[in-house]
Amino acid sequence: MSLSSGGWTRASPPAQSSSSHLGHEASQSACSTVLMSVKVSVCHSGIRPLCLPGAGDESLRLQLSMDPGKAGEFRLALRDISATAAGRSVFIAEFDLKTVQYEVKTPLCHELSLATPPHDRISFKFRCEQEAQEWATVVMSSLREAHRVAISSSTEEGRLPPPPLATQSKAPMPRTEEICAELVSAIEAGDVRSASVCASSLAKQKAALSIQPSKRNYTDSEVCLAVVVEDASSSCCVSVKVFPHSTIGALKQQVFSDYGFHPRVQRWVIGQSLCSDHRSLASYGVQRDGDTAFLYLISARQARLSRGIYQQDQESALLMVPTTHQAHQEAVSNGPAALNTASRPYSTLPTRLHNSHNTLSNNAGGSERLGLSDIRDLINLELPQLNEALGPNRTSIQPGWACPTCTYINKPTRPGCEMCSADRPEGYTVPGNYRPDALELRRIQQEKEAIRQYQQARETERRENFARLVQMDGQDLVPNPERVECRICYVELESGEGVLLRECLHCFCKECLRSVILMSEDPQVACPYRDESYACDCVLQEREIRALVSVDDYQHWLQRGLSVAESRCEGSYHCATADCPGWCVYEDTVNTFHCPVCKKQNCLLCKAIHEGMNCKQYQDDLTARAINDSAARRTRDLLKTLVNSGEAMHCPQCGIIVQKKEGCDWLRCTVCHTEICWVTRGPRWGPKGPGDISGGCRCNVNKQRCHPKCQNCH
């Protein structure tokens, strides 16, 4: 743990190299004194690394010097020390500190920009946070001193002072830093009294401080963090390897590098708390594998993120050195001797062009200094190799199809997304040269086996259902499978107590159905189900009626059906024997009917039984008896009078005389059961029976009455 006036930071082991020099040392020129020098790697405009011929990341050094004879005269130079062994010192660029702006972007990345147009920028990458913080402290102090002297000189000469340059932190006083160091030592040693004295002294100075535990307080092993990623329309789960001592800001950079979500659009929530960038994961309770964090993504417009800024930051993130997690792990595992190796930045650049290095080295000379335009030319020399290294042909494309819902890359033969179960795009086809791996072949085999088992189970179920239906069809009555209420008597029927009608699946109790059968005048017994909006028009089957009623009632129902069939048949003839139920359907070529019931011979021409006489003899005998029988004559005259006066009519089907006593204009013939419209003296329905409007009186068709005097013929 370390403490400075600029803020608490995680302490790194002291650098064993001689790359950082504090104090005063002689410079190459006799008129300047070097204040500090530090090794860096350079990125121009935050996009591509500064590629110098023959100069690796370890050969570039930032140097801050001052002129002792002139107050506020500071020079910031970028040197190439790769040619030091040959006795040459190459100054790549040198700036007057009053003409630049210096900004701390991240703990390991600083940016230098010109105060005057074209405002060119150079970004520096440092090896460790401790070196970068010490360098920033010295540079910021020198920068403020240079500006103060410039403002004083401008005031004395009557000129307006230049506008203030952007700085990142206030200049720490030496005494404050000493107290911070003493406080760190006292806390690490457990000296409560000394720590209290130092804390009181800092409180009296009102020093701006921030505290953060050192990495040594955390475990060195990575943990697997379960991250639930959500935006306004979708969500998914990913796993991220992190260290508990990592900050939220470092986690945002890691997600940016791995998944492309810019830190500005990331909102982290851990333990129902909105996370701050400077706090560590351990402070939010992340300690072991499986701990959960929530990442909410906002829109780029809401985060005020433009496409140019995103591309610039993305390219910078791809070329940045690895995180301090890996360097810390290597330093802890290998000891202090491995610190230089652990803190050495990795390079993603291709191999340098040695011929370009030799040419530029010869042209540069020992002490030649380059401007920003020359630096840009040096960068352009390495662009072909850099573009080749970052080209798309170097990237291996994973075979498969991308899920349109969650964008997961699935294997070509998979029919649905492995993550969200979405269907595979219809236009996708499996490549012809694709060969599935062992796991995919196993999955395909398991799918085939699952389909086979499903088809087998479905076939077994079909056979069981068919057997159940065959067994049920052999029963005359189908019992109700579950508890139900009879819609006639409203009695609750347990399973098996009621009867489920085959035609309509309506359920009633046996007693109610038996009563409906016995009370029905029509041989076709209709289903008794009725409600406010529906009347069932299905009928009971013959075997259902046979199973519900007794044998005598069943025979009576059959006889009733025969009677109705006889009356509705046009060519029917009933046996003339009294109380004989026999009847027949005659044809034109047949003149006699031998009744199978009473064994009598009926004459179909005379409609009578005249055994021993022919038809002529029977007609003469009938005429003679009618003349002498006054009762028969009076009956005949009365019926003719009723028909002529309109009080009676002949049935349009069988011709017998029917009479309406009272009520509506609908009546039914007692012989043939034909429905008759009294006002029109014709049949109510067409030849197909009830409901046929192709004939009959057509009453209420198109909302029109059949006759102006119609009194509801139904």
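Placed from the backbone N, Cα and C atoms, the Cβ positions cover glycine too.
Cross-referencing C512, C536 with the Zn(2+) 2 binding residues that Swiss-Prot gives (C504, H506, C527) picks out C536.
When Swiss-Prot is compared with the stretches 171-200, 201-230, 651-680, the one noted as zinc finger is 651-680.
Range with Swiss-Prot annotation region 'Disordered', chosen from 1-23, 346-368, is 1-23. Secondary structure of the zinc finger (651-680) per DSSP (helix as H, G, I; strand as E, B; remaining residues coil): 0 helix, 8 strand, 22 coil.
Within 8 Å of the centroid defined by the CB atoms of C575, C580, C595, C598, the record's Zn(2+) 3 site, lie the Cβ atoms of A576, T577, P581, G582, P596, V597, K599, K600, N602, excluding the listed residues themselves.
Within 10 Å of the C-beta atom of C606 (Zn(2+) 4 binding site) sit 17 other C-beta atoms, taking all shown protein chains into account.
Cα of C672 (Zn(2+) 5 binding site) to Cα of C595 (Zn(2+) 3 binding site): a distance of 21 Å.
One way to see the shell of the Zn(2+) 2 site is to take the Cβ centroid of C504, H506, C527, C536; the remaining same-chain residues with a Cβ within 8 Å of it are L501, E503, L505, P528, Y529, C538. Sorted by the number of other CB atoms within 10 A, the binding-site residues C575, C615 start with C615, the lowest. Using a 10 Å radius centred on the Cβ of C672 (Zn(2+) 5 binding site) and all shown protein chains, the other Cβ atoms total 19. Helix, strand and coil counts under DSSP for the domain 'Ubiquitin-like' (225-301) come to 18 helix, 29 strand, 30 coil.
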